[in-house]
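Pulled from TrEMBL:
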- 12-33: transmembrane segment (TRANSMEM)
- 45-67: transmembrane segment (TRANSMEM)
- 88-109: transmembrane segment (TRANSMEM)
- 147-165: transmembrane segment (TRANSMEM)
- 177-197: transmembrane segment (TRANSMEM)
- 217-241: transmembrane segment (TRANSMEM)
- 253-279: transmembrane segment (TRANSMEM)
- 299-322: transmembrane segment (TRANSMEM)
- 343-365: transmembrane segment (TRANSMEM)
- 377-402: transmembrane segment (TRANSMEM)
- 423-442: transmembrane segment (TRANSMEM)
Amino acid sequence: MKAESSKGPRGTFSNFGFLMASVGSAVGLGNLWKFPYLTGTNGGGIFVLIYLCILLTVGFACILGEMTIGRFTKLNPIGAYRKIAKKYTFAGVIGVVVAFLIVTYYNIIGGWILKYFFSYVIGQSKVLSTNSEAFFGEFITSPLEPIIWTLVFILINLFILKAGVIRGIERAAKFMMPLLFILLIVTAIRSVTLPGAMDGVRFFLKPDLSELSMSTVSAALGQVFFSLSLGMGITITYGSYLSDTANLEKNAVMVPLFDTAAAILSGFAILPAVFAFGFDPSEGPGLIFVTLPSVFGSMPGGFLFGALFFLLVLFAAITSSLSLLEVPTSYLIDNRNWDRKKAVYVLSIIIFLISIPESLSNGVWQTKFFGMAFFDFVGYIAEAVLMPLCGLMMCIVIGYVWGTDKAAAEIKNNGLMPFKSEMYWKILIKYIAPVLIFGIWLNSTGLLDLLGIK
Ligand code: TRP
């Protein structure tokens, strides 16, 4: 979430500031909304297990890789690839497209969060908790209302950018994010102690091998990239603001650690309650909206707690959507010489226009694209097709064009910093991560089926 153009002199983050900014970008709807519902639709504990395996291999390799490219080149993603591997400049462009596509539906979910926050504020907590499934279903399938909330969410983002209060938002993040963690912990405790919750805990933690499938693995890879904000250049951008004395390896451990903690806590807040209240864990994107109001309804002062909780989720969503928007914005500024104001306004309008059919496809607009509603189809193109491709290119650039030795020299700051996992990382980024990503990508794009391999 940096306002400066990357052409000008680059400010550098303090080490703590970098960690907080990266955690702020990483922790968002991916952790709070997406992780629990994907766990629910992908067989529970087995998804969590595979998620963790991919996180420790591909996730760690890629986040460290992106940070390193960023700090070495001190450039935006496109400039960065142009500098170290000219032929791979398109990898940066893919990243820009991914961020742009994701923000079109991220804002829709942001709008849903806004609606829930607002409903708590105006005292509808009873309605929300007594008939939560019907309430949610009616809301997202109605043609107009979700679009209006999406627009409000976009306008809030615009207002923050226009009023130049980004710094204020960054400062607020320093207490809002810790507060979010505290509320997550309280909610998780309530959820786990509900009668009947243990089935949910078991579902969440105990991997059922019979649920293992390629689609679970694909979903886990996509979620690792989405949640760590990988495969769209944002971590290259953050890395470009890092000082030469920052410990890249440590950051590449800490960011995923906090990010995963948030996701796991959200899982504990939601999945046990799903079983306690008899909801369907494979409900999909509505899981958090259907479940949490019931949890809050079972707490004393739950309406206040619910309002505060959705406010904090809203905050996390806004910090993430702002940095997502920053990816295409800085592309237009740096590479197309647009001015910032024009870039932000034009992008916001286009993003809003695309979000309209996306939102309608949850309800009245039934046209299918390769069997998917438009909302899911855009997500598929961004997350299953383009995002892993961008990550794969990054591994190839580091492993075979720039070279792992040069990258490691950057990480070690020419011998001044320790790099304990050097061997592990080199093997990961050169062999393991690209092979895994490519294999999963072939599967999730459907190419394996097309080639008749399955
Ligand atoms: N990681 C964010 C989340 O979990 C979403 C995200 C994806 C993001 N790419 C990003 C945020 C780029 C900021 C910048 O919700």
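Any Cβ shown, glycine's included, is placed from N, Cα and C.
Curation does not apply to TrEMBL; its annotations are automatic.
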Legend entry - Spatial neighbours of the transmembrane segment (377-402) far in sequence, C-beta under 8 Å, 6+ residues away: 58, 61-62, 65-66, 68-69, 81, 84-85, 87-88, 90-91, 94-95, 97-98, 101-102, 104-105, 218, 221-222, 225-226, 230-233, 354, 358, 369-370, 429-431, 433-434, 437-438, 440-441, 444-445
Inset, instruction - Count the Cβ pairs between the transmembrane segment (217-241) and the transmembrane segment (12-33) that lie under 8 angstroms and are 6 or more residues apart in sequence, then report whether there are at least 3. - result: yes
Legend entry - Range from 147-165, 177-197, 299-322, 423-442 with the greatest count of C-beta pairs under 8 A to the transmembrane segment (45-67): 423-442
Legend entry - Chain residues outside the transmembrane segment (299-322) and at least six past its termini with a C-beta under 8 angstroms from it: 1, 24-25, 27-30, 32-33, 103, 106-107, 109-110, 113-114, 116-117, 120-121, 123, 125, 128-129, 153, 156-157, 160-161, 166, 169, 172-173, 176-177, 179-180, 183, 186-187, 190, 229, 292-293
Legend entry - Top partner of the transmembrane segment (253-279) among 12-33, 147-165, 177-197 - counted as Cβ pairs under 8 Å: 177-197
